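Enquirer: Below is a structure I'd like to ask you about.
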């Protein structure tokens, strides 16, 4: 509405301003470099979900299982007892109950499970050292190592 009611001189001033702004925009767009993965219009070229950089690494089935905590060892021992006492108990309720039992456990009884956890931690450390040594023997060149930074850099450069 406002534009239509302008006088020809005023309209001329705004059209000149518009032409100047359009020229500035076209000059900026001529030198515009889109970010990686986008085209000149700003559209995503490749979906991140299918881009190797963002894909979750496949877990090596030979990798040692992580060390378990003392509470996990406690639940292995206590879960069958709780299930026998409360048949048909919901998993969440069982977790709550096991947590309460764990907190109420005397320190000397808890120590047994903490020792088991410590042993498992040592087992994991030992197995992880062996696993790492074995992987290093299989891939002595760091650029060939599947999940190394050097491999990623070499793949990106090549």
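Using the three backbone atoms N, Cα and C, a Cβ is placed for every residue, glycine included.
Annotations for this protein, taken from TrEMBL, read as follows:
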| type | residues | note |
| --- | --- | --- |
| DNA_BIND | 1-33 | DNA-binding region |
| DNA_BIND | 64-132 | DNA-binding region |
| COMPBIAS | 7-20 | compositional bias 'Basic and acidic residues' |
| COMPBIAS | 116-144 | compositional bias 'Basic and acidic residues' |
| DOMAIN | 1-33 | domain 'HMG box' |
| DOMAIN | 64-132 | domain 'HMG box' |
| REGION | 1-20 | region 'Disordered' |
| REGION | 116-158 | region 'Disordered' |
Enquirer: Mind checking which residues reach the region 'Disordered' (1-20)? Cβ under 8 Å, same chain, six or more beyond either end.
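Expert: Residues: none.
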Enquirer: Reported in the order helix, strand, coil, what are the DSSP residue counts of the domain 'HMG box' (64-132)?
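Expert: Counts, helix then strand then coil: 56 helix, 0 strand, 13 coil.
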Enquirer: Report the mean pLDDT of the predicted model across the DNA-binding region (1-33), rounded to a whole number.
Expert: 89
Enquirer: Please work out the helix, strand and coil residue numbers for the region 'Disordered' (1-20) from the DSSP assignment.
Expert: 13 helix, 0 strand, 7 coil
